[in-house]
Amino acid sequence: MHFLSQNDLNINLIPHLCLHRHSVIAGAFTIHRHMKIFNSPSNSSTFTGFILLGFPCPREGQILLFVLFTVVYLLTLMGNGSIICAVHWDQRLHAPMYILLANFSFLEICYVTSTVPSMLANFLSDTKIISFSGCFLQFYFFFSLGSTECFFLAVMAFDRYLAICRPLRYPTIMTRRLCTNLVVNCWVLGFIWFLIPIVNISQMSFCGSRIIDHFLCDPAPLLTLTCKKGPVIELVFSVLSPLPVFMLFLFIVGSYALVVRAVLRVPSAAGRRKAFSTCGSHLAVVSLFYGSVLVMYGSPPSKNEAGKQKTVTLFYSVVTPLLNPVIYSLRNKDMRKALKKFWGT
């Protein structure tokens, strides 16, 4: 019989919903029941999946979390969907900046859909089991969409650089054809970046408890469940995972450094404010996304590492897609007008 270590019982609890003694007891009984399932002889050869612990708490807490994340998911779909429709129907927004924004909003819908529906099913499930194929499909789409988001943020920064630093040549450089090619390349590069390492990890053998202390299939807990360590695969993934994040972040920083230098040369204060206002929304979105990612990769390990990983992942995969439409609509007058027209207000 395989027993849980102290780290396995280090459960991250949602504030105000699961912060009492009964939550811990319920979580312990849940883990104990799952351990029986996985380690019983009758199930060792037939079971093909993992257990996602998610946010362990009593049944009432699970229902409240289900309602909360359902509302967040629907608001995210509505906000990003509104931007897509506004750009599609308003002729004034048929410019590269807004075409990129509409594609980015579609990406955000895909990104949040890769995690939240499975979370909602997990809240209502007694077993909290996810199949091997379901786990690795979520693994692939979550990381591929995250990489695609990094590429899109870099392309949008490049667009702002051209608009401010090369205003006279902008219409001839950022053509509809170039914009389309950039969008396609973002999707293609994002989806091929992690393909080989994820396929290699999926071919490894897993044994032990098969309990993942997360709300999604994350590589860190997955690799700890392998029967035989694969240092080469772990090294490749640990290098490939942060590489697009930091490379594209440096590209964005460099682009905005040139933008700031160009804006500071504008003689009038009104001109400087207008130039900065065109970049403000994108800078806010970049700060939200990369701020949470840098906390994930840059902060030292903590005692409750699993809890930190859940919190940070929840922020940039669920909260950020919810806030992005609000940021773009508040900071952009043309987008506000288009959204008001779309909603008939």
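Keep in mind that glycine also has a Cβ here, set from the backbone N, Cα and C atoms.
Noted in Swiss-Prot for the protein shown:
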DISULFID  C135-C217  disulfide bond
CARBOHYD  N43  N-linked glycosylation site
TOPO_DOM  1-62  topological domain 'Extracellular'
TOPO_DOM  84-92  topological domain 'Cytoplasmic'
TOPO_DOM  114-135  topological domain 'Extracellular'
TOPO_DOM  157-181  topological domain 'Cytoplasmic'
TOPO_DOM  203-241  topological domain 'Extracellular'
TOPO_DOM  265-275  topological domain 'Cytoplasmic'
TOPO_DOM  297-309  topological domain 'Extracellular'
TOPO_DOM  331-345  topological domain 'Cytoplasmic'
TRANSMEM  63-83  transmembrane segment
TRANSMEM  93-113  transmembrane segment
TRANSMEM  136-156  transmembrane segment
TRANSMEM  182-202  transmembrane segment
TRANSMEM  242-264  transmembrane segment
TRANSMEM  276-296  transmembrane segment
TRANSMEM  310-330  transmembrane segment
Flag the pair the transmembrane segment (276-296) / the transmembrane segment (63-83) as in contact if three or more Cβ pairs fall under 8 Å (sequence separation 6 or more).
no
C135 (disulfide bond) has how many other Cβ neighbours within 10 Å of its own Cβ?
23
Top stretch among 63-83, 93-113, 136-156, 182-202, 310-330 for CB pairs under 8 A with the transmembrane segment (242-264)?
136-156
Near the transmembrane segment (63-83), which same-chain residues lie under 8 Å Cβ to Cβ, leaving out any that are not at least 6 residues past its ends?
14, 17, 55, 57, 101-102, 105-106, 108-109, 112, 116-117, 119-120, 123-124, 318-319, 321-322, 324-326, 328-329, 335, 339, 342-343
Same-chain residues at least 6 positions away from C217 (disulfide bond) with a Cβ under 8 Å from its Cβ, in sequence order, are F50, L52, I130, C135, F136, Q138, F139, F142
For C135 (disulfide bond), just give me the three-state DSSP call.
helix
Using DSSP, tally how many residues of the topological domain 'Cytoplasmic' (84-92) sit in helix, strand and coil.
8 helix, 0 strand, 1 coil
Could you pull out which residues elsewhere in the chain have a CB under 8 Å from any CB of the topological domain 'Cytoplasmic' (157-181), counting only those six or more residues past its ends?
96-97, 99-100, 251-252, 255-256, 258-259, 262-263, 275, 278-279, 282, 286
Spatial neighbours of the transmembrane segment (310-330) not adjacent in sequence (6+ beyond its ends, CB under 8 Å) are 12, 55, 69, 72, 75-76, 79-80, 82-83, 101, 104-105, 108-109, 111-112, 114-116, 142, 146, 214-216, 218, 281, 284-285, 288-289, 292-293, 295-296, 336, 339
